[in-house]
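Some features that TrEMBL has for this protein:
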type	residues	note
DOMAIN	43-295	domain 'G-protein coupled receptors family 1 profile'
TRANSMEM	25-50	transmembrane segment
TRANSMEM	62-80	transmembrane segment
TRANSMEM	100-122	transmembrane segment
TRANSMEM	142-165	transmembrane segment
TRANSMEM	205-228	transmembrane segment
TRANSMEM	240-263	transmembrane segment
TRANSMEM	275-297	transmembrane segment
């Protein structure tokens, strides 16, 4: 690495601390984290397999669910293998390019997931407020284009983050990132020189994605609830709202951990660093774990297909 005159240097790699302050417990922490990662992988692969095998599930809502499953697999796999290698083998070192790639995948696919939730809200809005046109509006082609639009938005929004770090921030005060993965702000705060542009861009993207997406989703559900309240009987209202319950639960599972982690990071100055890091990991792990559970429990078609598979497996034994 190249040393500059002001004690800053150009690193070729960084050093991830894992969960700072809990280093003696890393081997024990690996047990719950590896278990959660395994549950996330099995759960999301199961959702993909069930939707693929069950032709009655070849509908827009379940295609969006498959997109969520793929995104959750990417998010959890972007962080957990490296974290577990730190826990098990002390593999703290990560190349600069690998660090920037990890940063891109984490922030990009979190953005894509938010976009898919927005598309799912549109799907629920059309299904409830204009049911006769649902199949003609949400065709397979439209669903594919919505998924592609969410992906392209994520790439366009997040692509500049690692590029700006690579091109603008060459010198760093230290190689040590007090985190378990290469989070954008955790890397930027180590840089020498002016980081205003990086900070403003990161905050702007956070506003565009989280605030505007959540407002758009809220607006769609306000219109949905207005349409539901116009139904004749309480039974019809409950049945219609029941079709939205899985989506609402998944939205809460996604946004609440992000909100808690962000608020703790911004305002929890007296919160120990290891709590910040654990919360940051949980917001990447909780949705991949709970999304398959939510949809398996609350969706009759998925639940029925899973029970059928389990019964068939039991009969083979």
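The backbone N, Cα and C atoms fix where each Cβ goes, and this holds for glycine too.
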(request) Could you tell me what the rest of the chain brings near the transmembrane segment (142-165), counting residues at least six beyond its ends with Cβ under 8 Å? (result) 60, 63-64, 67, 100-101, 103-104, 107-109, 111-112, 115-116, 118-119, 122, 184, 187-188, 191, 197-198, 201-202, 205, 208-209
(message) Let me spell it out: take the transmembrane segment (25-50), skip the flanking residues so only those 6+ beyond its ends count, and list any with a Cβ under 8 Å from a Cβ in it.
(response) 18-19, 57, 65-66, 69-70, 72-73, 76-77, 80, 83-84, 86-88, 281, 285, 288-289, 291-293, 295-296, 302, 305-306, 309
(message) I'd like to know the mean pLDDT over the domain 'G-protein coupled receptors family 1 profile' (43-295).
(response) 89
